[in-house]
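Feature annotations, courtesy of TrEMBL:
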- 17-37: transmembrane segment (TRANSMEM)
- 49-66: transmembrane segment (TRANSMEM)
- 86-113: transmembrane segment (TRANSMEM)
- 125-147: transmembrane segment (TRANSMEM)
- 167-184: transmembrane segment (TRANSMEM)
- 196-294: domain 'Copper resistance protein D' (DOMAIN)
- 205-224: transmembrane segment (TRANSMEM)
- 236-258: transmembrane segment (TRANSMEM)
- 279-298: transmembrane segment (TRANSMEM)
Amino acid sequence: MTGPIAALALCRLTFDAAGALLFGASLFLAVLAPATLRGALAPRLGPTLRAAVVLVPVATLLWLPLEAAQIGGAWHSALDLDLLSALLFDTSLGSVWLARAALCGLLAAGFLTTRRPVLAVGRPWAIVATCSGLLLASLALSGHAAADEGARGTVQAGNEALHVLSGGAWLGALAVLPPCLAALREPSLRRQAELALRRFSTAGHGAVALVIATGLANTALVLGRWPTDWSSPYQVLLVAKVALVAVMVGLALSNRYLLMPRLAGGHEAALGSIGRRALAELALGAAALALVAVFGLLDPTG
């Protein structure tokens, strides 16, 4: 990959990872965590979420000039005002970029409200979840998902939006698991942490099922067949992503059906195992996002 293309892939990875973290974590805090637990978890997640709130606008800002550099085939094209103007005002990419810029402003404003004394109320986190979710869903308006027009294009974009939202909800919520598991050791938070974990388990089943179903649909819509052409870099990376997600699903199922019952039975040692597997899922998810950032720039038929 050339310099501008590699930089664009890194920009996409940053946007995806930070957006997923914000979406899943804020959704967990807004919907799954009871009020007292929410008030305890939010400060512990604060530094990580603040970094994500900064990274999403930075990645958004850099995206357009990096697209210009990719199109121009050289770094200096990133500063070509004529090319930037054409991209911004004459293409769908420019419209998407402007919408993302506006959403970044709303995201920052929404995040600031989470630091007020109303922290125990879920509404500020619902605002953050909505803004970050819309930012993630905007990925369906560009790239391979936006390649077709008409009814097929609408179906493809809708399916892609569901795919990134379900994946983001899963990955981002995983980041909340370690502090939530730690709360089980605090008598004042234990019952609420148990409730949040049960809710996460139920919601997680739905998110994982959506990831798998929409992923299969994406493959059918983009390729029209199974990715078995090993001479195609796109298909090789897609299969690698599928393999990573399969391992993640295996870890999630082992947590839910092997370790969680042990934890409910009073085996405190299971806490550490659940936390380590959640971190492993996060690492695998980050690797999957990195693959998406790369093969999203490749020709599916090449």
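Each Cβ is built from the backbone N, Cα and C atoms, and glycine gets one as well.
What you see is a predicted model, and the numbers here were worked out from it, not measured in a lab.
The stretch in closest packing with the transmembrane segment (236-258), judged by the count of Cβ pairs under 8 Å and taken from 49-66, 125-147, 167-184, 205-224, 279-298, is 279-298. DSSP places the residues of the domain 'Copper resistance protein D' (196-294) in helix, strand and coil in these numbers: 84 helix, 0 strand, 15 coil. Against the transmembrane segment (17-37), stretch 167-184 has more CB pairs under 8 A than any other of 49-66, 86-113, 167-184. 49-66 is the stretch from 49-66, 167-184, 279-298 with the greatest number of Cβ pairs below 8 Å to the transmembrane segment (86-113). Same-chain neighbours of the transmembrane segment (49-66): 4, 7-8, 11-12, 14-15, 17-19, 21-22, 25-26, 78-79, 84, 87-88, 93-94, 97, 100-101, 104, 107-108, 111, 132, 135, counting only residues six or more beyond its ends whose CB sits under 8 Å from a CB of the stretch. Cβ atoms under 8 Å from those of the transmembrane segment (279-298) belong to residues 1, 5, 8-10, 12-13, 16-17, 20, 70, 143-144, 167, 170-171, 174-175, 178, 233-234, 237-238, 240-241, 244-245, 247-248, 251-252 of the same chain, restricted to positions at least 6 beyond its ends.
The predicted model assigns the domain 'Copper resistance protein D' (196-294) a mean pLDDT of 91.
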